[in-house]
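> Structure below; questions to follow.
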């Protein structure tokens, strides 16, 4: 990416001046966006994968007796986990490409290196990245909204679990509060003919005391936060690439070397 004359330029300017010029060519917005995207996708993919696995275990253990009742849920979780693998790989490669494009456009805008300039093909490539990143941001906005569904559902489940746990410690018999239930069928996890489909009384209290239940709640919240961080990174990418492209177009119209 750097021209051959870069080594001669460093020798002529000195080490300090060369380092300053190199640091000036770093696309800090793209670098920050890359770090945010890596962090967000790691949270979303890692925590989302484990949250789905824990959800399958909880439903299989406490809410169904017949394996046919949750076969659709198990298939959905399996396929969605494969989608998570693909998302992690795609965003890793795409963020690397965006960071490289940020180095290219930033160096061309600041004219850091004498022979390093943009071409019409390079500007078209930058415009392509802008459009693709914008489309990805819109799609990921829908993913972020979709991620809010299991997060809010786990938050709703967490409330009766906390209530059941506290009453277990203060009441001699939890069966006195048998009306406190969690029904997996009303959230679409199981068909309405699934038996028992819900947990009440002592069964609910035993679920709420398991480590898997509270870990699943934390994992869904972390996955939701990761999706938000990745969405922020995509919007930062759009802003940074659009700004660099606009400057390149402006300098090109003025007839300056860029």
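One is the number of the first residue shown, and numbering goes on along the chain from there.
Even glycines carry a Cβ here, placed using N, Cα and C.
Sharing the feature lines straight out of Swiss-Prot:
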type     : residues : note
DISULFID : 181-200  : disulfide bond
LIPID    : 18       : S-palmitoyl cysteine
LIPID    : 19       : S-palmitoyl cysteine
LIPID    : 22       : S-palmitoyl cysteine
LIPID    : 121      : S-palmitoyl cysteine
LIPID    : 124      : S-palmitoyl cysteine
TOPO_DOM : 1-22     : topological domain 'Cytoplasmic'
TOPO_DOM : 49-82    : topological domain 'Extracellular'
TOPO_DOM : 104-128  : topological domain 'Cytoplasmic'
TOPO_DOM : 150-218  : topological domain 'Extracellular'
TOPO_DOM : 240-258  : topological domain 'Cytoplasmic'
TRANSMEM : 23-48    : transmembrane segment
TRANSMEM : 83-103   : transmembrane segment
TRANSMEM : 129-149  : transmembrane segment
TRANSMEM : 219-239  : transmembrane segment
> Please report, as numbers and ranges, the same-chain residues at least 6 past the borders of the transmembrane segment (219-239) whose CB is under 8 Å from any CB of it.
29-30, 32-34, 36-37, 39-45, 47-48, 50-51, 54, 91, 95, 98, 130, 133-134, 136-137, 140-141, 143-144, 147-148, 150-151, 154-155
> Which one, from the disulfide-bonded residues 181, 200, has the smallest tally of other C-beta atoms lying within 10 Å of its C-beta?
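Taking 181, 200 as the disulfide-bonded residues, the minimal 10 Å Cβ count falls on 181.
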> In whole Å, how far does the CA atom of residue 200 (disulfide bond) lie from that of residue 124 (S-palmitoyl cysteine)?
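That comes out at 61 Å between the alpha carbons.
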> When secondary structure is assigned with DSSP, how many helix, strand and coil residues does the topological domain 'Extracellular' (49-82) contain?
29 helix, 1 strand, 4 coil
> What's the CA-CA gap between residue 181 (disulfide bond) and residue 124 (S-palmitoyl cysteine) in angstrom, rounded?
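The separation of the Cα atoms works out to 58 Å.
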> According to DSSP, which kind of secondary structure is residue 124 (S-palmitoyl cysteine) found in, if we only use helix, strand and coil?
helix
> Tell me the Cβ neighbour count for residue 124 (S-palmitoyl cysteine), meaning other Cβ atoms within 10 Å of its Cβ, over all protein chains shown.
11
